[in-house]
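These features come from TrEMBL:
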type	residues	note
DOMAIN	31-135	domain 'Wntless GOLD'
DOMAIN	136-405	domain 'Wntless-like transmembrane'
TRANSMEM	14-35	transmembrane segment
TRANSMEM	142-162	transmembrane segment
TRANSMEM	174-193	transmembrane segment
TRANSMEM	213-232	transmembrane segment
TRANSMEM	244-261	transmembrane segment
TRANSMEM	286-316	transmembrane segment
TRANSMEM	337-361	transmembrane segment
TRANSMEM	381-402	transmembrane segment
Amino acid sequence: MAGAIIENMSTKKLVIVGLILLLFQAFSFMVGGLIEEGAVATLDVGLAYRDSTLSKWTEMAHSVEKRKLNCNFTTTKTVENEGRYYECDLLPFMELGSVSHKYYLLNIRLPVSERKNLNVGIGEIKDIRLVGIHQNGGFTKVWFAMKTFLTPSILIIMIWYWRRITMMSRPPVLLEKVIFALGISMTFINIPVEWFSIGFDWTWMLLFGDIRQGVFYAMLLSFWIIFCGEHLMDQSERNRLSVYWKQVGPIVFGSFCLFIFDMCERGVQLTNPFYSIWASDVGTELAMAFIIVAGICACLYFLFLCFMVFQVFRNISGKRSSLPAMTKARRLHYEGLIFRFKFLMLVTLACAAMTVIFFIVSQVNEGHWHWGDYTVQVNSAFFTGIYGMWNLYVFALMFLYAPSHKRYGDEQSRDQGGNSGEDIQLTTTITHVDGPTEVYKMMGKESQE
C-alpha cells in the first residue's frame, strides 16, 4: 500500500481551484519478471480529507480502477541490465473540481491475486510518483479579478442596450435579439462562481465551467452566422430565425455532442474522481476521434464564415454604386458607415479565427497527457487574452448596435425639397431608427436607395 498526504495550506486556499493527478509508476527490469504486453494494473484507491491535524479523516471516494501499462525497455534485456527502469507513459489517475479542504489523504493499493489475474505480469514496482496539475496563485488572482470586473460591466451595457431597444416604436429585429442573447451568454460565463469554491466543496465546478463555455460557444457561432446572413438576405427573408436552421442546426447538434462527451467523463467524476475515459482502449479511441472531428468541424466553420464575409463585402461594393447620386453630406455619412461596418466585419473575422484556434488548442491540451510525445501547452496569457477579447467584442457589439435617437440631415433634405422618408444619424454608432443599422437597411435587395 502507498499513502500520500496532500496539504492545501490555508494561506493558499485561493491557489488550488481544481487538481489533476497523474500517476507514474517506476518498474524495474528483472529477468523472469518482465512486463507482459498489454499488461493492466489494478489499483484499489481511496481519497479522504480533513481540515485540522486533530480531526479524523473523512472518506470522499473509493474505487477499484484498471490502468493499461505502456512501458518500453530501451536497452537489451540481459542479466547485466537488471535493475534498470522501464520508460512508462503517465497514467490518468484522479481529477477534482474543487479543493476546499486543508488536508487530503490518498491511499493506493495494488492487490495481487493469480486466481483473479490481478496485477500479474506487471513486473516489479520500485516507485510510484504523482504529478499534480493545478491552477497557481498568480493566475487565479488575475482570473478572479477579471471575472469580478467584467461581470458588472457586461451586465450594465446589456441592460442599457435592451432599454434603448424597448424605447423604439418598432419591435426588436432578429439581429438585435441575437446580440442580446449573446450578452446573456457572456454574462453567464462571466459570473465569478469560483469565489464560492473557496469555502464550499463543489465537485461539479469543472463540469459547470464546461457547460458555461459550451453555451457561449454555441451562441457565438450562431450569432456570426446570423450576423452575416442578415446582411445578405432579401428584405422579405430577414428577421426570421427559421431561415438559418441549416446553419444553426449543426451548431446546436455539435454543442449537444460536446455536452454528451463531457458528461461521459466529468459526469462520472462527480461521484468517482478516479474515473477517466482515457483508461480504456475504446475510450481513448473515441476521445481521440471526437477531438479530431471537432477540430475539423471548427476549421470548416471558419472557412464557411470567411465565405459569408466575402459575400457581404461583395454585396456592399454593389450598393456603393448608388452613393455618387446622393448629396455630399449624405454620401460622406454613408461612406463613414460602410467603413465602420467593414472594420467590424474584419474584427469579427479575426475574433472568429482566434476563437477557432483557441478551441482546437484547448481540446488538444485537454488530452495532451494522453497523446504520447505530442504536447501542446496553453499559457495563461493566451487564455486570459481570448477571454478578454470575447468580452470586448460583445461590449462593442451592444454599443454599436444600440438604437440611436439622434437625427441628422433633416435640413439638407428640406433644402433639396425632397421628402425621402429617411432619417440619417450623425453618431459614433452604426444604428438606425428603422432597423438595427443603416448599412443593414441598405444591404437588402428590396430596400430603398
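Cβ from N, Cα, C; glycine included.
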Contact call for the transmembrane segment (213-232) against the transmembrane segment (337-361), three or more Cβ pairs under 8 Å: yes
Residue distribution over DSSP helix, strand and coil in the domain 'Wntless GOLD' (31-135): 3 helix, 55 strand, 47 coil
Beyond the flanks of the transmembrane segment (142-162) by 6 or more, those residues with Cβ under 8 Å of it: 14, 135, 179-180, 183-184, 186-187, 190-192, 194-195, 380, 384, 387-388, 391, 394-395, 398-399, 401-402
Same-chain residue ranges lying at least 6 outside the transmembrane segment (381-402) that approach it to Cβ under 8 Å: 139, 142-143, 146, 150, 153-154, 157-158, 160-161, 164-165, 175-176, 179-180, 182-183, 186, 190, 216, 220, 340, 344, 347-348, 351, 354-355, 358, 361, 429-431, 436-437
Seg_contact(the transmembrane segment (244-261), the transmembrane segment (286-316)) with at least 3 CB pairs under 8 angstroms, min sep 6: yes
Within the predicted model, mean pLDDT of the domain 'Wntless GOLD' (31-135): 79
